[in-house]
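Report on the following structure.
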Amino acid sequence: CANGIQNECISDLNECVEGVNGKAACVNQATCTNTIGSYKCNCVFGTYGQDCTDNPDDCAGNATVDGVLYPNECIARDKDAECFDGFGTYTCTCSQWWKGEHCLTDVNECERDPPICENFGTCVNLPGSYKCLCIEGTEGDNCEINPDDCLNGTHVTDACNSLDPKAKCVDGYASFSCACGPGYTLQFCDLEIIIYNVLQLIGGTGSDEGELIAMLRDLLKNPSMMKDLVPFMIGLQSRENRTRMSWEVEDMFLWVAYEERTLDLKTDLVGWNDVVLGNCFTFNHLNNTERWYRERASGAEGGLKAAVKLNTAEFVPWTETSSIMTFIHPNTELIFSESSRYNTAPSTMTTIQSKETRFERLGGRFGKCAKSTEEVASYYYDGSYTTDVSFTDATAGRSWVNGGCLRSCYQDEVQKECNCMDSRYPMPADSAPCQLPDRKCVESITAKGDVSTWAGCKCPLPCENSQFDSSYTVAPFVRGRYKCNSYTTKQRLNDSSCGDGDGEVDYAIINVQVPRLMVDIFEEIPAWTFNRILGNVGGLGGIVCGINLITFFEFFYFFFIQLPLTLIYNRYF
């Protein structure tokens, strides 16, 4: 049979179904049409031939992109793209950097989520690529590498643990941070929080912080230093603030009596404030002229007696003793922190018997003494504070103290070296008090020792002054039971049966007496006065003259009378 005819050459062979030589009659998606004795292939676009077997490679055609001739558009921009031949066309499989039908559109990698650049790197889009601008301390194409800054070579850095053993190092970017443990702060956990808080309160900044921190650390190690530091800090406060921080008269006294008559706490006692001592209350204060009391009786009947509260619950922890300080001084003078005092213990009656002694010095050609504050270079107390060596200038209406002069010399030296004055002591109104950062400078002046030995300090003794010589006795309160007399104060507080009648155990009684209404006066007098010299010269001259006259007569009598007569007598007899 001819091609396409079968079965005794009477049946047409359907090549579209049976194929030709075991193969499809039409390929490349061509449409097959059966005919008598043959078939016909309808080729799709881009193919040709009897069986549509010819399919030219469209990826090898010519394409012009950006003025450049390429085999196809797929690889014009995306060099990693793949071209797949089609039928009269081609398709492109783009790399990750390009998109679009023919891979001609750039993919913006910087818009990916999550960001392609890690560790806060900045993404810069490029044609067919991107670039990461890494921050300092990171590296890699995507800034994915962050070397551990907590490692110093092969050892973990101890910068976070210089003081804080519980601090943890946290890696950063070209740096590290410290997660501090309880009680520490700052970048490297190298400052105690309590010191940090103090610095914030006092405003320690700049070059003085190192000295402040060292001082505060010493204070943490030795809390007893606080008793010296607190007055320095309190001195920076105004007088009004200092007065408010200390006790009022009602806080200290239960009652006060003079000559066995109760006094008015408001009018008979004058309150004033000292930086170191706090609020003080003076009986017979020099400025309280309308309420002055005279000494009219000696012994217990004529003394000053007071019941004072100690309020030990309010004492700071570093207080070594619980007591009320009592100062005995002339009623025209004031006291300050260095003055002699007597400590009154709780649950006791303290009796002080004082005798006044006055001293009067000549001065002038007999020696140097001062009659007023104007005779010394500096004096800043102005009668407000006194020591045991003092006198009253009646003309000026104020008290002068030798200790005040020495302290004023000290203040002048502090001003010279530190450009400020010690806040614990009086100073001129226009002078700046030394701040806490200046304390080291102030201490260097104190370390020079006794002010009276300084070359620039001239503080003569006062021409007049008084002092009190006192005896001091203490008697514990009698308790409800005999056993309580041998108890300590703490034991008495813990034993309710030892309470006294008023239910108060945290108080004391002070009894100040004069043993006799007499004052000892020591007065300097000239050893030689003009009249005495004249008298002595006259007396001695008379003696000398008398001796000379008698001698003259004796010689005259001997040579001119007795001797001639003796010679004549011996001659004739």
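Cβ atoms are placed via backbone N, Cα and C, with glycine included.
Small disclaimer: the values here were computed from a predicted structure and weren't measured.
In TrEMBL, Cys43 is paired through a disulphide bond with Cys52, chosen from Cys32, Cys52. Checking Cys134, Cys150 against TrEMBL, the residue bonded to Cys143 by a disulphide is Cys134.
For Cys103, the disulfide partner named by TrEMBL from the candidate list Cys94, Cys117 is Cys94. Through the fold, the domain 'EGF-like' (64-104) approaches residues 28-29, 44-47, 55, 57-58, 127-129 of its own chain, all at least 6 residues removed from its boundaries and within a Cβ separation under 8 Å. For the domain 'EGF-like' (12-53), the number of residues in each DSSP class (helix H, G, I; strand E, B; coil) is 4 helix, 14 strand, 24 coil.
Broken down with DSSP, the domain 'EGF-like' (146-190) shows 3 helix, 14 strand, 28 coil. The two recorded residues, Cys103 (disulfide bond) and Cys143 (disulfide bond), have Cα atoms 28 Å apart. When Cα-Cα distances from Cys43 (disulfide bond) are compared across the disulfide-bonded residues Cys94, Cys143, Cys180, the shortest belongs to Cys94. In the domain 'EGF-like' (64-104), the DSSP tally of helix, strand and coil residues is 4 helix, 15 strand, 22 coil. In this structure the alpha carbons, written CA, of Cys94 (disulfide bond) and Cys143 (disulfide bond) are 26 Å apart.
Taking a C-beta cut-off of under 8 angstroms and a sequence separation of 6 or more, Cys180 (disulfide bond) has the following same-chain neighbours: Cys160, Asp164, Lys166, Ala167, Leu186, Cys189.
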